[in-house]
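These come from TrEMBL:
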type	residues	note
DOMAIN	4-125	domain 'Glycosyltransferase 2-like'
REPEAT	273-306	repeat 'TPR'
REPEAT	319-352	repeat 'TPR'
REPEAT	559-592	repeat 'TPR'
Amino acid sequence: MQISACVIVKNEAKNISTCLESVQKIVQQIIVVDTGSTDDTVDLVKKYGAEVYHYEWNNDFSAVKNFALGKAKGDWVIFLDADEYISAETAGNVPNIIKQYGKGCDGFITHMSNIDIDDDNRLIDEFFITRIFRRDPNLCFAGTVHEYLMHKNRKNRWYKIERSELELLHTGYSSGRVRSKCERNLKILHKQLTNDPNNVDLYRYLADAYYGIEDYDQAIKYARQDLATGRKEISYASRSYRVLLNSLQRQGADFASQEEVIQESIKAFPLLPDFYAEYGVLFFNQGQYDKAEEAFGRAFALDAVYDDMETSLFHSKVGLTYLVLGKLYEYKNDYAKAIEVYQKILADDKYLINAFSPLYQLICEEDPVYCIAFLNSLYDKTKKMDLEFLIANIQPLQRGKILAYYMQAYKKLVKEKNIDVLALIAAGNYSKIQVLSAGQLQADQEFAVLSAMLIKDYKQIENLLPYFLSDYQKIIVRFYQAEAPMLSSKEFAAYQEILLQLFQVKEPLVLQQYVKLAMDFSLIERLAIAKTLKNNGYYFVAVELYKNILSFELVNGKMEVLYELGYCYYRLQDYNLALQFFEEAKQLGMNNNEIDGFIIWSNEALGNKVEQVVEV
């Protein structure tokens, strides 16, 4: 059995070596057809023993590919694009795959992963495609763009190969290349449509290309035209539904418009998990959390048994699905499930900040020994990259024993001996701020101000005041001296900055004393401070400030303050008070899915009977 490899190239010096190296050891002939390279492509391919042919480009991919096929001598052909390659782990399986499954079929449908080499090989999406097939004079390429194989006398006979046996990778849709490729394709597609206006096969490709250049109106137009034809391809029939939905999302379409497309998609592809996951995200964004959870549950259940030819992109977006599900469990006060979800994400991508931050915020109140053991199960403290990630991402959330532990591990690993403010704060050595130079104090103003407050002794820091900016000076003096001049709107931005720093050191008494200074500011500024407290999980402190605001005769915004109080009490698991404030907010006219969901969950937590219908 002989195998030929074929590739069409033009200025592919950056890609061609990876492509040819992936097949060099499993083929007996390499054919490269060049359509006008001006770089080193031709010289490179000759190093792999390729037969090089030149072809004058005529905007017809099928024509040039059929030309290459005419030069092949093997019994089977591997026809790759220059920016595609077979994974090193599975390339050696090709001869055995042909021997085992090749009898009686024209070729193989194989798994292809689009990866973004401009973004650390991030997985973009996945699909099935035919790249290995029998050399047969009746098998040829058709279509000027997005060409496809067709048998002249009958339907194609393909055999599906599992990803574990054979995986192909494609880098052509990397972020730095998509637009130029789509613009090129659009010119060819429109020329073809002009010559053949009844060719409905072009609609899907036009929708794809317009989506790639972010022309969502045109993408929607051609996606709808494609769906109206009722045609279905063998392995990517759902593509136009995806383009249509994603285009609507990018345009900020309303709930009803997106839901209509999702329901149509589910009706057309009831076994595909992807559109149930999209439904879950849509429900979540609308505050319909129970419906979101139900939709996510169906998506995961379908994915567990999915084995259909239709391409599923669920795994390429499962991280986003888990992130939304984790936030949903946080809203339900089901922290154990939220931690489990975030842990799953980090097991797959441990440097994903969007998963690390909420996970850390959920565990950081536990005993530091437990937190460190938990983090050590995900990260390796003997690896510099892991330690740098932990320090960089714990620092904005908390500065205490856990951060000090990893900073000490890092200093030991890199043999660093410098003293900085962050290290002092992490270790709780606030009084040592006095040993820092004026330059260090001025460079780390926020950290230094924080230390000045945490010392809890005005006399120790009084001589350092000249090194602080004037706004910080006023805040420090006001913090220690009740008779000092009140703060004004001029100091509000600096106040908020220090508040964010205080969140990270977990000193509740200092925080409560500092929040008392909020009374110096206007009601609007107090509302902003209360929101900052709420958004960072300091619900108990936020409650006191919201109550103070509520004691005034509010002309506007009372309904929103009542809701925020209800939300804070809900997160504090005081469901009776949560219900009280939620109901008061509803009486003033608040009516949305989010407040209804919290009322249902509060009643459930109290054991009250509630009627709800969840339909997906």
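Even glycines carry a Cβ here, placed using N, Cα and C.
No curator has checked TrEMBL annotations; they are predicted automatically.
It should be emphasised that the depicted structure is a prediction, and the values quoted were computed from it without experimental measurement.
Here the repeat 'TPR' (319-352) has long-range neighbours at 277, 280-281, 284, 289, 292-293, 296, 299, 358-359, 362-363, 378-379, 386, 389, 570-571, 573, 597-598, 601, 605, meaning same-chain residues at least 6 beyond its ends whose C-beta is under 8 angstroms from one of its own. Taken through DSSP, the repeat 'TPR' (319-352) splits into 27 helix, 0 strand, 7 coil. Summed and averaged per residue, pLDDT over the domain 'Glycosyltransferase 2-like' (4-125) gives 93.
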